[in-house]
Amino acid sequence: MAPSHWRLILNGKSTDNEDLREAVGVLRKRGIQLDVRVTWEEGDAERYVAEAIADGVQTVVAAGGDGTLSEVAAALAHHQDDAATLPSLGLVPLGTANDFATAAMIPLEPLGALGLIAERAAEPIDLLRIDADHGPHWCANVASGGFGTQVTVETDAGLKKMLGGLAYLITGMSRLGRIDPISAHFTGPDFSWEGEFIALGLGNGRQAGGGQALCPEALIDDGLLDVTIVPALNGEVAATLGTLVTGGKQAALERVAVRTRLPWLEIASVQPLTLNLDGEPETSRHFRVECVAARLRMHLPIDCPLRSA
């Protein structure tokens, strides 16, 4: 039997990771043909995935943070082939927050993550397809809006590198006096909500922005989109809630959040609204977010909380 052929796509910011280098060496000694490609500029992941498909690679591994995972997943989803034909997807978490990996219980150490890919068969997973003013996008984890999105967008890259997820909380605290509600109309099958909100989570996965568990019950294989809307409140209550949301405190969300589970959701706003798509901001006045069932296959732990079975 021919050896497994993998293509690891590494975020260029993590090229100095010695643990990853050693882990790649271990997998190669086990007989896996493991090639490494490093992203340098926009479009590299798309090109590397296309090359992997043309080369008959069996598994594409995203090595980086949530943005790298989403970029590689999107590059796979852009191809017309179905999930059974496309290479499977693996993840080595090397980002600041690693929200998807944390929620999915994927090992945070490179050797453990690569070992999981070798040991566990790939399973179907959903992806979010987002249509906006500037064309379609794909999202593997969570699309978020409002207070949490501004925190993620504004968090300094140097601060993230030094402090990890704590950087998001510090940035959130600095915004306490300027939580601006956003007005929007949300519609989906048998669902309609209109008003001002301060936080929004659209979950394929469960958490984003350094531990904000906006969609704590989301599943990655149920064909449904988990929606969490945190309505606007007034004065000090809003500021306090904003801090709790940033810190991932579920009690605050449970008391005030509007929650539903839908195959798709449309969002309309008079003012431009920014959604954070796994770290990439997209601004539009209209969004359609659809959960595309079983779009890819991914290697996940047997006890992964995001799986329905």
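Using the three backbone atoms N, Cα and C, a Cβ is placed for every residue, glycine included.
Worth saying up front: this structure is predicted, and the values here are computed from it rather than measured.
The ATP site recorded in Swiss-Prot comprises T39, G65, D66, G67, T68, L69, S70, E71 together with one of T15, T96, T102, namely T96. The Mg(2+) site is set by L219, D222, L224; from the centre of their CB atoms, other residues of the chain with a CB within 8 Å are D126, A218, I220, D221, G223, D226, R261, C291, S308. Listed in sequence order, D126, S308 are the same-chain residues at least 6 apart in sequence whose CB falls under 8 Å from the CB of D222 (Mg(2+) binding site). The binding-site residues listed here are T39, S70; among them, S70 has the most other Cβ atoms within 10 Å of its own Cβ.
Taking the Cα atom of each, D66 (ATP binding site) and E280 (active site, proton acceptor) are about 10 angstrom apart.
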